[in-house]
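S.K.: Take this structure, written in structure tokens, and hold onto it; I'll ask about it next.
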Number of protein chains: 2
Amino acid sequence: MGFTVDQSIKSFDGRLLKLSHKSEVTHTEMAVNVYLPQQYFAEGSKKLPILLYLSGLTCTPNNASEKAFFQPYANKYGFAVVYPDTSPRGANVAGEDDSWDFGTGAGFYLDATEEPWSKNYRMYTYLLKELLPLIGKEYERLDTTNISICGHSMGGYGALMLYLKNPDIFNSCSAFAPIANPSNCQWGQKCFGNYLGSDKAKWAQYDPCELIHNFKGEKKPILIHQGTADNFYRRDHQLQPENLVKAAKNSPLDGLIDLKLVDGYDHSYYFISSFVADHCAFHAKYMGLD
Amino acid sequence: MGFTVDQSIKSFDGRLLKLSHKSEVTHTEMAVNVYLPQQYFAEGSKKLPILLYLSGLTCTPNNASEKAFFQPYANKYGFAVVYPDTSPRGANVAGEDDSWDFGTGAGFYLDATEEPWSKNYRMYTYLLKELLPLIGKEYERLDTTNISICGHSMGGYGALMLYLKNPDIFNSCSAFAPIANPSNCQWGQKCFGNYLGSDKAKWAQYDPCELIHNFKGEKKPILIHQGTADNFYRRDHQLQPENLVKAAKNSPLDGLIDLKLVDGYDHSYYFISSFVADHCAFHAKYMGLD
């Protein structure tokens, strides 16, 4: 099944498409936004790379589309941006709407193995096996062999996790204030425990601080920005990017976690948008666009 | 009475302040956001110009702060941005919340003369006699003798109207999809009729297409962007920027309405943000910053 184009909005000489489609993986209707830069519409242009951007807890595809401000840079370099949703919605699983940090809006980009979540909460397979192939099929001038990944908070964890597990699929990875060590913080423990059960070996299959030891890809830096005034970082210890820097030692990515602590920034889209230009330049280099 | 700083958020090396204060003009609590660029915090910097940005129907100071994306350019050139609210809120005037295009969120930047609006709905006097002086008093490194003005939709009308009436206060003016001829469209007629009564001579005191004939300021261009896919423009005729171009003929600003019709853009913040860089460059020139 293809996409329904719910809206097509001109933005920075390109177009932001608000799409929906029936997912056979999550068994729900899924929303996704896709930004096609001006180059996509130019005669005879070559295939364009894709930046997959994963949003944080509670977000829909619209938040980042409106506030993160990738579009001008995507349009400058010539790559598309894909903004998936953060979970299935309307799966009607009992309890899915009870808290903001679990269930709806908090799919954690993994495949749940525990009941009652395992039927619908399968964002990992949804992204890799359904959404990206469908994007490639429906938008033939996008190059699904040249995909980079980025995300914020829960989506920053998602970007790190997906990249570390799939260096054959993703070119380069960056993150804003990622949940870098989910096994070791409340948000991650709640989601891993409910979605995956109590077996820590299963948690390790999704934790960037574990996955980094077995990374099989090229030795490229991973760019991470973290604001020092982010309460989820400094007060609540939900993010812990230093744990990833530490885990990288004696891993194939030793010294390659480029963690930039930026003074005074919080966890909001005001923080993300302030550094989006840097992340786009970083990815453009690995996409072969700079 | 000074401002209460409800939030101070780092954004592009500067700070977005979410402020509130008790207004003696509207007799309500008023919200306003102020973006101070990095230059404001630099030692020994000279006073910085101000861009007053007026938002459209229904907006609070937060919409444009999050989605219009002035901050990176304000930070580049070195000017502050002031985002006032679009009306008093919580005035408790009967009927003020009945429709989205009148009352709360739709103050039309004028001083109502009709009951029951005339006590609170006085955005014109609020902006010029209370807010801007208070900004100057509380933020001494901002230069209230160097203010430019810009706005969107209802706020585009507000920018044109305030500029044309007060060339002694405002340096330069630009607008996104302004309600250029409010006496001649439904939105304007509803608000002017309710706030000002039926006397068309009073309407003329706020209609850019009338005011332009008596403009007393310097002959500078006014920059206007209008998207051709904007339904309020092409279908509903609420905006009519061509009427201002026509009115400018045989006025002191003959030939100086720089109306740019931009193909395929709508009325949203996706449209505004796509051309904010152009508007900031335009104002920076007249602010003496380019």
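Keep in mind that glycine also has a Cβ here, set from the backbone N, Cα and C atoms.
The feature active site, charge relay system is assigned by TrEMBL to A:S153, A:D230, A:H267.
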S.K.: Counting every protein chain present, what is the number of Cβ atoms, excluding its own, within 10 Å of the Cβ of A:H267 (active site, charge relay system)?
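M.R.: Taking all protein chains shown, A:H267 (active site, charge relay system) has 21 Cβ neighbours within 10 Å.
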S.K.: Over all shown protein chains, what is the count of other CB atoms within 10 A of the CB belonging to A:D230 (active site, charge relay system)?
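M.R.: By my count, 23.
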S.K.: Measuring Cα to Cα, how many Å separate A:H267 (active site, charge relay system) from A:D230 (active site, charge relay system)?
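M.R.: Just about 5 Å between their Cα atoms.
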S.K.: What's the CA-CA gap between A:D230 (active site, charge relay system) and A:S153 (active site, charge relay system) in angstrom, rounded?
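M.R.: Between the Cα atoms of A:D230 (active site, charge relay system) and A:S153 (active site, charge relay system), the distance comes to 11 Å.
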S.K.: For A:S153 (active site, charge relay system), which residues in the same chain are close in space, meaning a Cβ under 8 Å from its Cβ, but six or more apart along the sequence?
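M.R.: Looking at Cβ-Cβ distances below 8 Å from A:S153 (active site, charge relay system), excluding near sequence neighbours, one finds A:G56, A:L57, A:F176, A:A177, A:P178, A:I179, A:F232, A:L239, A:H267.
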